[in-house]
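**Q** Following this message is one structure expressed as structure tokens.
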Amino acid sequence: MAKLYFYYSAMNAGKTTTLLQSAHNYRERGMRTLILTPKLDHRAGSGVVASRIGLRADGRIFERDTELQQLVERDIHNDGALHCVLVDEAQFLSRAQVWQLSEVVDRLRIPVLCYGLRTDFRGELFEGSQFLLAWADELEEIKTICHSGSKATMTVRVDAHGHAVQDGPQVEIGGNERYVSVSRAEFKKIMRGEGRIDPLQIALPLPVA
């Protein structure tokens, strides 16, 4: 039975790597997949989904007003049977788009695998994550580690001096080196201004296609 899955984590936990491996597993078995990526995420180039360890694949761009069920139906009409839809940076989905993806599962009987952050640098839910947590059939945390050794569940945005940034837009694409995954306890400390934190998780260079 097809299901809606949400794989969530803090920053730099390997979400995109996991997505690309899942897509590869489907293709290896002769099954066709569709990878969706938000237009505002163009770090690896428009329509390219790339992980920090160098894996990459072409994706179909969507915007905030893209009707995703219709997009999937057009893809099937043009290219034939589809066996899985995978969504990168799923936190940027709108409420309506999460519902549309649930329709892909329930009406078209196609599994949908969404990968994204749960919370932003203020510890608040993204819109897409909020409704995926509410409506997904299966939830799975992709774990990563805080510099303290505890499980990292939060993401902080730091300035050039390693101090927490508490204001600014929720969405800031690029500059991944400014984000650090930390435990809840460490998140509280740095947000209180107790010390500084180095952005240790530097993105690896992507290979040239």
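Cβ coordinates come from backbone N, Cα and C, glycine included.
These figures come from a predicted structure and were not determined experimentally.
Here Swiss-Prot flags E89 as active site, proton acceptor, drawing on sequence analysis. Residues or ranges marked as ATP binding site by Swiss-Prot on the basis of sequence analysis: S9, A10, M11, N12, A13, G14, K15, T16, D88, E89, A90, Q91.
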**Q** Between any two of S9, A10, M11, N12, A13, G14, K15, T16, D88, E89, A90, Q91, the residues recorded as binding ATP, what is the biggest Cα to Cα distance in Å?
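**A** Binding-site diameter by Cα atoms for ATP: 15 Å.
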**Q** Specify the count of other C-beta atoms within 10 Å of the C-beta of A13 (ATP binding site).
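**A** Total other Cβ atoms inside 10 Å, all chains included: 22.
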**Q** Should M11 (ATP binding site) be counted as helix, strand, or coil on the basis of DSSP?
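**A** In the DSSP reduction, M11 (ATP binding site) maps to coil.
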**Q** Return the single residue from the binding-site residues list (M11, A90) that has the minimum number of other CB atoms within 10 Å.
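**A** Lowest Cβ count within 10 Å among the binding-site residues (M11, A90) is M11.
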**Q** By the DSSP assignment reduced to helix, strand and coil, which category contains A90 (ATP binding site)?
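**A** In three-state terms, A90 (ATP binding site) counts as helix.
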**Q** Specify the count of other C-beta atoms within 10 Å of the C-beta of E89 (active site, proton acceptor).
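**A** Result for E89 (active site, proton acceptor): 25 other Cβ atoms within 10 Å.
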**Q** Long-range neighbours only, meaning 6 or more apart in sequence with Cβ under 8 Å: which ones does S9 (ATP binding site) have?
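**A** Counting only residues 6 or more apart in sequence, the Cβ neighbours of S9 (ATP binding site) under 8 Å are K15, L117, R118, E141, I142, K143, T144, S181.
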**Q** Once the chains shown are all counted, how many other Cβ atoms turn up within 10 Å of the Cβ of D88 (ATP binding site)?
**A** 23
**Q** Please report how many Å separate the Cα atom of A13 (ATP binding site) from that of the residue listed as 'active site, proton acceptor', as a whole number.
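**A** Between the alpha carbons of A13 (ATP binding site) and the residue listed as 'active site, proton acceptor' there are 13 Å.
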